[in-house]
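Student: Got a structure here, written out as structure tokens. Questions coming.
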Amino acid sequence: MKIKVGFGYDVHQLKEGRPMWLGGIQLEYTKGPDGHSDADVLIHAICDAILGAANMRDIGFHFANTDDRWKGVDSKVLLKEVCRMIREKGWEISNVDASLALEMPKINPHIERMQTALSEAMSIPVEDISIKATTNEKLGYVGREEGVNAYAVALLIKP
């Protein structure tokens, strides 16, 4: 059996009037991440962690922000495709552990819905997906509510 770990990171600027997509669900808030797709930083970090563990480059390589096919796309579509790609190479996802850094909105009330959305997109059990959130204690661009960061680790196994 082969076991590999991958790390992913993403950041997006927050803009007034943009929808707030995080973890595959839309949250009510006055700002949202700005980007080429729906700018779901959590899913993008998870995609990079999975791709990294499989040594398959990164999300920008496979879904370039210069390609209009991905403009405005639901990031769950990207995650499903990443999972298909790694499974085609014989990998399975053991678990994903992710953290969000943002001041608002509060994430804890939404974690179970995020886990469900991600579980469906990745075809893995909810209990294999951990999501945590923290603030930046009002420090830096995250603390000023100008941006949101996401970090993720994925463990892949190849029987």
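Note: Cβ is positioned from N, Cα and C throughout, glycine not excepted.
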Student: ASP10, HIS12 bind divalent metal cation according to Swiss-Prot; which of HIS44, HIS62 goes with them?
Tutor: HIS44
Student: Would you list the other residues of this chain near divalent metal cation - those whose C-beta lies within 8 angstroms of the C-beta centroid of ASP10, HIS12, HIS44 - in sequence order?
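Tutor: Not counting the recorded site residues, we get VAL11, PRO33, GLY35, ALA39, ASP40, VAL41, LEU42, ILE43, ALA45, VAL148, ALA150.
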Student: Select the closest residue to HIS12 (divalent metal cation binding site) from the following recorded positions, measuring between CA atoms: HIS36, ILE59, ALA64, THR135, ASN136.
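Tutor: Minimum Cα distance from HIS12 (divalent metal cation binding site) across HIS36, ILE59, ALA64, THR135, ASN136 lands on HIS36.
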Student: Count, for each of the binding-site residues ILE59, ALA64, the other C-beta atoms lying within 10 angstroms of its own C-beta, and report the residue with the smallest count.
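Tutor: Among the binding-site residues ILE59, ALA64, the lowest count of other Cβ atoms within 10 Å belongs to ALA64.
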Student: Including all protein chains shown, what's the count of other C-beta atoms within 10 A of the C-beta of ASP67 (4-CDP-2-C-methyl-D-erythritol 2-phosphate binding site)?
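Tutor: There are 11 of them.
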Student: Which whole-number value in Å describes the distance between the Cα atoms of ASN136 (4-CDP-2-C-methyl-D-erythritol 2-phosphate binding site) and HIS44 (divalent metal cation binding site)?
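Tutor: Per the Cα atoms, ASN136 (4-CDP-2-C-methyl-D-erythritol 2-phosphate binding site) and HIS44 (divalent metal cation binding site) stand 20 Å apart.
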